[in-house]
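**Student:** Dropping the structure in here first, questions after.
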Amino acid sequence: MARAKLPRSPSEGKAGPGGAPAGAAAPEEPHGLSPLLPARGGGSVGSDVGQRLPVEDFSLDSSLSQVQVEFYVNENTFKERLKLFFIKNQRSSLRIRLFNFSLKLLTCLLYIVRVLLDDPALGIGCWGCPKQNYSFNDSSSEINWAPILWVERKMTLWAIQVIVAIISFLETMLLIYLSYKGNIWEQIFRVSFVLEMINTLPFIITIFWPPLRNLFIPVFLNCWLAKHALENMINDFHRAILRTQSAMFNQVLILFCTLLCLVFTGTCGIQHLERAGENLSLLTSFYFCIVTFSTVGYGDVTPKIWPSQLLVVIMICVALVVLPLQFEELVYLWMERQKSGGNYSRHRAQTEKHVVLCVSSLKIDLLMDFLNEFYAHPRLQDYYVVILCPTEMDVQVRRVLQIPLWSQRVIYLQGSALKDQDLMRAKMDNGEACFILSSRNEVDRTAADHQTILRAWAVKDFAPNCPLYVQILKPENKFHVKFADHVVCEEECKYAMLALNCICPATSTLITLLVHTSRGQEGQESPEQWQRMYGRCSGNEVYHIRMGDSKFFREYEGKSFTYAAFHAHKKYGVCLIGLKREDNKSILLNPGPRHILAASDTCFYINITKEENSAFIFKQEEKRKKRAFSGQGLHEGPARLPVHSIIASMGTVAMDLQGTEHRPTQSGGGGGGSKLALPTENGSGSRRPSIAPVLELADSSALLPCDLLSDQSEDEVTPSDDEGLSVVEYVKGYPPNSPYIGSSPTLCHLLPVKAPFCCLRLDKGCKHNSYEDAKAYGFKNKLIIVSAETAGNGLYNFIVPLRAYYRSRKELNPIVLLLDNKPDHHFLEAICCFPMVYYMEGSVDNLDSLLQCGIIYADNLVVVDKESTMSAEEDYMADAKTIVNVQTMFRLFPSLSITTELTHPSNMRFMQFRAKDSYSLALSKLEKRERENGSNLAFMFRLPFAAGRVFSISMLDTLLYQSFVKDYMITITRLLLGLDTTPGSGYLCAMKITEGDLWIRTYGRLFQKLCSSSAEIPIGIYRTESHVFSTSESQISVNVEDCEDTREVKGPWGSRAGTGGSSQGRHTGGGDPAEHPLLRRKSLQWARRLSRKAPKQAGRAAAAEWISQQRLSLYRRSERQELSELVKNRMKHLGLPTTGYEDVANLTASDVMNRVNLGYLQDEMNDHQNTLSYVLINPPPDTRLEPSDIVYLIRSDPLAHVASSSQSRKSSCSHKLSSCNPETRDETQL
């Protein structure tokens, strides 16, 4: 095929540069010559055209030719090179300015030398002229100008001054030439140029005219040129070292130099002019200037002639104009510096330790939480905190940072973490850690997370070796900051904690107390026994130690974990909860009896303080042993933990009771049964029940508490006889659809087939089922309702812990999501695989929505803080709507357990608020006193928080701060909350103490029983007790026997408290309609006893008050009946059955015993009788067990040894399940 010819360019028809036709072939290049080498042009040698190829002559044939291009040729000129050396180059120009500054200082020094060597009394005259003597006549008004015009200058001094003047003149001319920009007059009339000419040209003239060598030249004016050179030199110096935050330093330097120049000019000027007067010395003139400028004016030295007087006036006027301007600029810069915070010096960063706190906006609550928690650790007292925030300090933060306690340790810098200059100011690369916190009160929390992510990236880019501690809000954004050393996701922890609150009461309080640093001294001055006990146990935290270095645990090397946990608690009062192998990074909570301890293991334990700060007082231990064996003081109540020495022996716990019967003491309002008889064996009360010893090594028959895989009998679902529902088989597996990247896989109970989206809607029927209300579903267990604004990805973490594989299938509670907005498709896809999970659109402030979602059949209601209300125009008002709505629900549904999330922890005092409650006022005073004492847990005595009924996510901020010292705290917290699952690690659950368990008597004996029978580790108690909240204890008294009547009908006090694991749900007031008349009769009996006691125990005034309370109770009861009628009418209007509400609307005395700071029936009769609940973390071994106690347990992983021992478990599980994992949860048929 013939090749097509390229069309000719217009230039091809013209002659080439060498005169040859364009069409002629170009000379071939030598063989082997690279076409990349520059081609040699043809034509004559002198032809400029032959050396450079024209731009328009780039044809196809010349495209391979190259032209060497030289850049920045404009800088090759002589002027540009001089400009580069004298002006542009930072280091060379700095040297030039330093030389110029030294030159000016030298001229001022030479002037002072000339003044000191000059003596006017020896004669005055020009160079080589005859000298004339002059004496001042004070009476004459004429001035002899000769002493002012002529001075005595030595030859050597003159020569030096001439040389310096010539150098200064030449340098000035050169700089004028280099900085010339077209306007010469601008250069000439500059003050610095005029001064240069005045001080240099006369010296140059004296070279050619010798008589003028004694002419006076005001060389002292060079001080102003020196000041100008110093300013330029400092600017160049800062530019050379890349220091940009130097305005304050420059202004201070300018002000100081201005003052110095004014004084020096006035001193030298007055001294010279007074040569025609009294001939003042330089020192006297300096004294006069200082006295005059300081406005003192003694009058002992005064100028005598008018020129010197005129100079003084001029100098004062200049000072009055210049100095205020300088001071104004200095004050302005100082105020700006106060706002921006200045710098953290490099020297301090290298010699001191500091951490950096990066926040979007700094609020006083966040600041104090951080400072109190960070500086609660003794080894952090010498650390500095540098706060980097883009906003100005508000008034409250500024006031706090001016307190001497914080002003010496906290440095506030206004700046952005995205700017390297601000990170340099904070010396991020030298920091020990960087905490990056998100602004949770923003309306757009996703945008707040994005800002946090960028800050984390910026810090990692600038200081890759600085440890990062990042707080993120949304779980879907967590994977962007996985590179950080420690990450806390707020919504993950929040929802998991609220979920556990439904099955393990007050988990939020338990975790909050664990992650706060405390010495256990809160409430120790309170007269209330429960406050002292609660405050003392709140000081327990998680610590770690290497087993081989531990006095607590090293004696148990080679023993089982369970054996070590029990004996360490028995001997030292410490609670061993987990460990970590040296060759494994995973932390295992309660790995079980088959785990043998090694010296290299890292042990994690709960105690008041770490072992290194503990003292061992063995003498007291021996005394207490003797007392224990003699039967004295064994059951006198909870032992007091020593605070100063922290750890001493808790005494040996006797494992056999000393008697067959014991009447508990009534202390501080705690109540129990009148008689607690021990169970008998073979019909005889002579034998005491025994507890099996904890084995050093687990034998083959040792069982974990509940093996959910090998024993399926527990999970077999019995079809309901009256409902006729089809049995749905559940499977165990991992959820197939995670709503976000980075969620930890957890083995859960799942549906074998995903439920259609239409079946997830609770209040609307579909083609698969026609149920439109909760009762129609016929749930065996009570509902858990979650009220949230949107179905965010964090809500997924509420469901997973409640559907984890280790939860008994018979204990799974139906979950109803009450959402303000319709969930999206991705969220429904994630939850459709879980059994008994439904949603409904509605709001918590709408009664119809609450009734439709089945609130009267609910066991727990969780009210999640709404994102749209987290920010308010007025501080702390963000929770107003939530608080009022929850208060309304308490009035409408008093038997419901409600857990509320608040934005601000300080607002928890408004939960279940009663204005005339004297006990709440007393607690408020206690909180203020604890806050004044510097406690980190001042809010802990608020009854809603102590009972776990209120929670704020800001309480968990300390988890991130505490991780700086304890890098394992986030991992342990996530394991306890069920967010992470590690093979072989246990999980948190709870067990309820019933009257049948009271024979165990003490917490230490319970510890032994659980360790020996089911390998469970108890870590605390959730206690509910009655309390008399009265100003006069004699006014109203409640006998324990009065409570026994109701307990005989409804069971133990804590039967309404939801538990998890093997513990069971709460009884409702309407389990059997037939029992309500009996309960109401018991309530009336209680009221009659109360009415009989009141007149006896009080005088006439008390009786009158009692009568007024009775009248008030009648009014309140009518109010409750009105609310009840309102609810029933709405239920009838919606087509819902009212039988359930009729049952639960009537509360009895035992209901009150199970409510936290509630109890409308008894409380309306008198405002003093009530109950309270609180958490005891790791109580002493001899702490008395009480009915209604709920014990927190860490249960071993049931999958830990399935492969090795499934057969042995199967054979022996049948006769041990009744004792190891008792079923105490009553199933309520709806």
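We number each residue from 1, going along the chain as drawn.
Cβ from N, Cα, C; glycine included.
Just lifted these from Swiss-Prot, have a look:
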type	residues	note
BINDING	Cys758, Cys759, Cys766, His768	Zn(2+) binding site
BINDING	Arg761, Lys764, Asn769, Tyr771, Tyr777	K(+) 3 binding site
COMPBIAS	1057-1072	compositional bias 'Gly residues'
COMPBIAS	1204-1219	compositional bias 'Low complexity'
DOMAIN	352-488	domain 'RCK N-terminal 1'
REGION	1-37	region 'Disordered'
REGION	660-689	region 'Disordered'
REGION	1048-1078	region 'Disordered'
REGION	1204-1230	region 'Disordered'
TOPO_DOM	1-93	topological domain 'Cytoplasmic'
TOPO_DOM	127-153	topological domain 'Extracellular'
TOPO_DOM	179-192	topological domain 'Cytoplasmic'
TOPO_DOM	209-215	topological domain 'Extracellular'
TOPO_DOM	234-246	topological domain 'Cytoplasmic'
TOPO_DOM	275-281	topological domain 'Extracellular'
TOPO_DOM	339-1230	topological domain 'Cytoplasmic'
TRANSMEM	94-126	transmembrane segment
TRANSMEM	154-178	transmembrane segment
TRANSMEM	193-208	transmembrane segment
TRANSMEM	216-233	transmembrane segment
TRANSMEM	247-274	transmembrane segment
TRANSMEM	305-338	transmembrane segment
**Student:** Around the Cβ of His768 (Zn(2+) binding site), how many other Cβ atoms lie within 10 Å? Please give the count over every shown protein chain.
**Tutor:** 10
**Student:** Just the number: how many Å between the Cα atoms of Tyr777 (K(+) 3 binding site) and His768 (Zn(2+) binding site)?
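**Tutor:** If we compare the Cα positions of Tyr777 (K(+) 3 binding site) and His768 (Zn(2+) binding site), the gap is 13 Å.
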**Student:** Near Cys758 (Zn(2+) binding site), which residues of its own chain have a C-beta under 8 A away, given they sit six or more steps off in sequence?
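**Tutor:** Expected: Lys764, Cys766, Lys767, His768.
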**Student:** Looking only at the topological domain 'Cytoplasmic' (179-192), what are its DSSP counts of helix, strand and coil residues?
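**Tutor:** Across the topological domain 'Cytoplasmic' (179-192), the residues distribute as 7 helix, 0 strand, 7 coil.
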**Student:** In whole Å, how far does the CA atom of Tyr771 (K(+) 3 binding site) lie from that of Cys759 (Zn(2+) binding site)?
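**Tutor:** Each residue's Cα considered, Tyr771 (K(+) 3 binding site) and Cys759 (Zn(2+) binding site) end up 9 Å apart.
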**Student:** Just counting, how many other CB atoms are there within 10 A of the CB of Cys759 (Zn(2+) binding site)?
**Tutor:** 17
**Student:** Go through the chain and flag residues at least 6 beyond the ends of the topological domain 'Extracellular' (209-215) whose CB is under 8 A from any CB in it; none is fine as an answer.
**Tutor:** 125-129, 149-153, 158, 202
**Student:** Which residues, in sequence order, are found in the same chain with Cβ within 8 Å of the centroid defined by the Cβ atoms of Arg761, Lys764, Asn769, Tyr771, Tyr777 at the K(+) 3 site, excluding those residues themselves?
**Tutor:** Cys759, Leu762, Asp763, Gly765, Cys766, Ser770, Glu772, Ala776, Tyr838
**Student:** Just the number: how many Å between the Cα atoms of Asn769 (K(+) 3 binding site) and Cys759 (Zn(2+) binding site)?
**Tutor:** 7
**Student:** Around the recorded Zn(2+) site, report the further residues of that chain (criterion: Cβ within 8 Å of the mean position of the Cβ atoms of Cys758, Cys759, Cys766, His768; site residues excluded), sequence-ordered.
**Tutor:** Ala755, Pro756, Phe757, Leu760, Arg761, Gly765, Lys767, Asn769
**Student:** How many helix, strand and coil residues does the domain 'RCK N-terminal 1' (352-488) contain under DSSP?
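**Tutor:** Summed over the domain 'RCK N-terminal 1' (352-488), the classes give 59 helix, 28 strand, 50 coil.
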**Student:** Apart from its near flanks, which chain residues at least 6 from the ends of the topological domain 'Cytoplasmic' (179-192) lie with a Cβ under 8 angstroms of it?
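**Tutor:** Beyond its ends, the topological domain 'Cytoplasmic' (179-192) has Cβ neighbours at 87, 224-225, 228.
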**Student:** Can you work out which residues elsewhere in the same chain, 6+ from the ends of the topological domain 'Extracellular' (275-281), have a Cβ less than 8 Å from its Cβ atoms?
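**Tutor:** Contacts with the topological domain 'Extracellular' (275-281): 120-121, 134, 136, 143-145, 147-148, 288, 301, 303-305, 307-308.
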